[in-house]
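S.K.: One structure coming up, written as structure tokens, with questions to follow.
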């Protein structure tokens, strides 16, 4: 090794900044003092390399288990020997002689003059030490001999490949005899092979180093653009919002000017009217005074002379049509855009456009059903993991192929900042392939496999039989809360459970004390209403968290089952014992009884407020009966049978925002869809060998059907959105 190649930093511990003392090398090839590592390991668990932060497993022996860096030790010796060989350096034994030839003892790590060297070679304790003469010290290379830690006077000469250990001759004879367990090779032979291997690695390192250096330069180049980019974006943003502020101020001045002009115009009009009225007032007052004087002070002759004239004048003044109404209405400033709405609009004004990192983009594949419009959401992200907007929408592409390789048309639409909706209508079941690219590069996970289900296949099944949380026993009623989650009555476990409809995860659960819970509804305030059937029917109200708010125990409620709630808080409650549906005030007082004498075995009810109508399933009559909220009968549909539009014990029912009616059969498990007038449209699904109990419609075109025997909830796609 050339002495000029040695750098002080190469011999200095990065922790203590002193020359290495007992240097130990970590698996990441960084070297530190043993003592420094000892201290460092007590401060960090798990141990991290102080230089590169790579996690390092501490050996069983602790820091002592890390290998000694003999190479660095050799460099330290070489550096010390080189300095000692320089002119004017005294002998480190006698501390006197600075002239003449010197020698370096590797064992003692001292520099000696010729006299001390002679003595060193004669003393029994030091006669076997390795001495290096001055000529060798001045050479470009210098290697100290390595000795066995067991046999301290024996030089290491062999390498046991099986044990991965350097051994001396004595160890080779005693502990590493050649055979099936040991394979001894001379050190120089193995070293030569290792050197060739390392040289090969060096050849691989150089291209990588060049690549990293180029990357550093690119990063530095980008860093140099950072502040100018920030300044430019800041100026653009300030200019943009200044223009908006100017427009607002201009509009403010326009409105204020309009107010001033209107005020002046109204003031002028009112002043003109005032003057006209005052003129008439003066004339009438003058006539009154003249007439009064004539009556009180005039003689008969005088009255006869002026009476006719006065009468004519007064009659003229009194009969004159005059607009006495000020005809002025107070003007006021009107907010055609509410401040809250304007605040929401302001949040969408302007955005910071950053470069998209395709590896950070996220994709959310929604359930796909054949024949229905389905969507996948792409969120374009930057390297920091923040959504970023793509200005040129042509840089985002989405291509879909069905299992046979045929193209499926896709449509791209930016929903919000950085969020893209990819819509498509798959034609075939099975795994369809969706390729999503940004700037001609695949986003993470692309191409994606989109599993397309059949129309009558559930996209999600929630729950299974059991009493643990998330499990169900004989579920009955179901409703959808304000957030699109399903709220289900777990009758067998006497509780209500709330699940999300994305993954079917349990969100909350709370017990129902007392009577058996049956029906459930969620009002516009998010409160959960549960019908309790038993000897004394009740309607109980709960918060979203399951805290009981109040219990309605109206005397008119006998055996409640299905329940629906209107926007204003009124309740429609099916009463099996009364064979009718009760329309109740929020406090439980009866408004009217509907369907009495026409219903035989009513079960569930759904309300369409847009038509002031309610729909009640009748399991005995195998019909759905429609009534107005005023109690009038509107129409009915269905009859007993197994064909389309026929019923076998109609049970759960729901009406969506478009007026479509979904009905579940208790007898054969069919879930059917009808138009607003009761006309059969199609069979949504068939829950085989089960009872379709409660039914609820979920946003985005899904219907949730409660499987009474199957102890679960199944979600089906039933219409386009």
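Backbone N, Cα and C define each Cβ position, glycine as well.
Below are the features I grabbed from TrEMBL:
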type   : residues : note
DOMAIN : 13-53    : domain 'RING-type'
DOMAIN : 86-134   : domain 'B box-type'
DOMAIN : 143-187  : domain 'B box-type'
REPEAT : 396-452  : repeat 'Filamin'
REPEAT : 475-502  : repeat 'NHL'
REPEAT : 634-677  : repeat 'NHL'
S.K.: How many of the residues that make up the repeat 'NHL' (634-677) does DSSP mark as helix, as strand and as coil?
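M.R.: Split by secondary structure, the repeat 'NHL' (634-677) comes out as 0 helix, 22 strand, 22 coil.
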S.K.: Could you tell me how many residues in the repeat 'Filamin' (396-452) are helical, how many are strand and how many are coil under DSSP?
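M.R.: In the repeat 'Filamin' (396-452), the DSSP-based counts are 0 helix, 37 strand, 20 coil.
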S.K.: Averaged across the domain 'B box-type' (143-187), what pLDDT does the model get? Just tell me the whole number, please.
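M.R.: So the average pLDDT across the domain 'B box-type' (143-187) works out to 81.
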